[in-house]
Amino acid sequence: MNIAVSKPDLTIRLCGPRGFCAGVDRAIQIVVLALKSYGAPVYVRHEIVHNRYVVEGLEAKGAIFVEELDEIPAEHRAQPVVFSAHGVPKAVPEDADARNLFYLDATCPLVSKVHKQAMRHNRLGRHVVLIGHAGHPEVIGTMGQLPEGTVSLIETVEDVDVYEPADPDNLGYVTQTTLSVDDTAGVIARLQERFPNLTAPSADSICYATTNRQEVVKQAAPGCDLFIVVGAPNSSNSKRLVEVALRAGATKSVLVQRAAEIDWDDIGDIKTVGLSAGASAPEVIVNEIIEAFRDRYSAVVELAETVKETENFLVNRELRNIELTTADMAFVNGE
């Protein structure tokens, strides 16, 4: 006789907004449309977004990812190369021009806005203070918009305390778009305390999607026995969500790329799980994780939503006459 084993009850607090932002959506669409328009291969400099699932999905369609332009073989120089959503230093398109490469720039428009803010500070004679994480592609790209020696990178309040600029009365700051809103506010406050004449950018540099995802996690995390963020270990905004969940009161918070990474033996007795996804994490993985919990629990999904995002960024002019179908994006959005 078969005896049915009841599953333990579980509430999943599903955060909204979550996952792809308009800049990530646009960048992926650019690669997909370039493949439809020009055929494979399409080269992409650096990961188009920081997510292996997305990268592997595009590779399956015919994209080839490289770190430098000199990796593109001579016989493929006529094929397009796409610059990633994180932005690139000015030297990269200059190098592409010197090699007679046709390139499509998938830099997020909000990152491009930070570039313009930094260049405006520089044009007006201010030394630029960039708040961001050393080595991140976006930071490398922003610093690469300016002449060497005209920008200083600050990561923490402690960095501010030891910062000694040549002209403390002539500084302007910008920030990486994917930082912790609260941490960045602390760094800016200390900068303003030390340098009262510090000039702010004309608009907030941290992007709407970063802010929205952090705000809903703050609301959903209290009372969660476990909070799961879908994202890659090299995704800045995803890692910030893990930190935000812990600070907001989640007992435990973890970053996973796939459901297979969840350590079920380590979960313990849980009643409430929070679930969000970084701006470069596809919805198909969120659904995969929900199904993994439903296999083990009698799970009820509750939507924790703050705002509905309606932002949409146009793709490059060269690609706007190419039809983008639901099937083209099913590998990340689901059917």
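From the backbone N, Cα and C atoms, a Cβ is placed for every residue, glycine too.
Among the features that Swiss-Prot reports, active site, proton donor is placed at Glu138, with the record citing sequence analysis. Taken from Swiss-Prot, the feature [4Fe-4S] cluster binding site applies to Cys21, Cys108, Cys207, supported by sequence analysis. Per Swiss-Prot, the feature isopentenyl diphosphate binding site maps to His50, His86, His136, Ser235, Ser236, Asn237, Ser280. Residues annotated as (2E)-4-hydroxy-3-methylbut-2-enyl diphosphate binding site in Swiss-Prot: His50, His86, His136, Thr177, Ser235, Ser236, Asn237, Ser280. The dimethylallyl diphosphate binding site feature in Swiss-Prot is assigned to His50, His86, His136, Ser235, Ser236, Asn237, Ser280; the stated evidence is sequence analysis.
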Cβ-centroid neighbourhood (8 Å) of the (2E)-4-hydroxy-3-methylbut-2-enyl diphosphate site, His50, His86, His136, Thr177, Ser235, Ser236, Asn237, Ser280 excluded: Val49, Pro137, Glu138, Thr178, Asn234, Ser238, Gly278, Ala279
Thr177 ((2E)-4-hydroxy-3-methylbut-2-enyl diphosphate binding site) and His136 (isopentenyl diphosphate binding site), distance between Cα atoms, whole Å: 11
Residue among binding-site residues Thr177, Ser235 with least C-beta crowding, 10 angstrom cut-off: Ser235
Candidate nearest Ser280 (isopentenyl diphosphate binding site) in space, where candidates are the recorded positions Cys21, Cys108, Glu138, Thr177, Cys207 and distance is Cα-Cα: Cys21
CB within-chain contacts under 8 A for Cys207 ([4Fe-4S] cluster binding site), separation at least 6: Cys21, Gly23, Cys108, Leu110, Thr177, Thr178
Maximum Cα-Cα separation (Å), residues His50, His86, His136, Thr177, Ser235, Ser236, Asn237, Ser280 listed as binding (2E)-4-hydroxy-3-methylbut-2-enyl diphosphate: 15
Between Ser235 (isopentenyl diphosphate binding site) and Glu138 (active site, proton donor), the C-alpha gap once rounded to whole angstrom: 11
Between the residue listed as 'active site, proton donor' and His86 (isopentenyl diphosphate binding site): CA-CA distance (Å): 5
Glu138 (active site, proton donor) and His50 (isopentenyl diphosphate binding site), Cα-Cα, nearest whole angstrom: 11
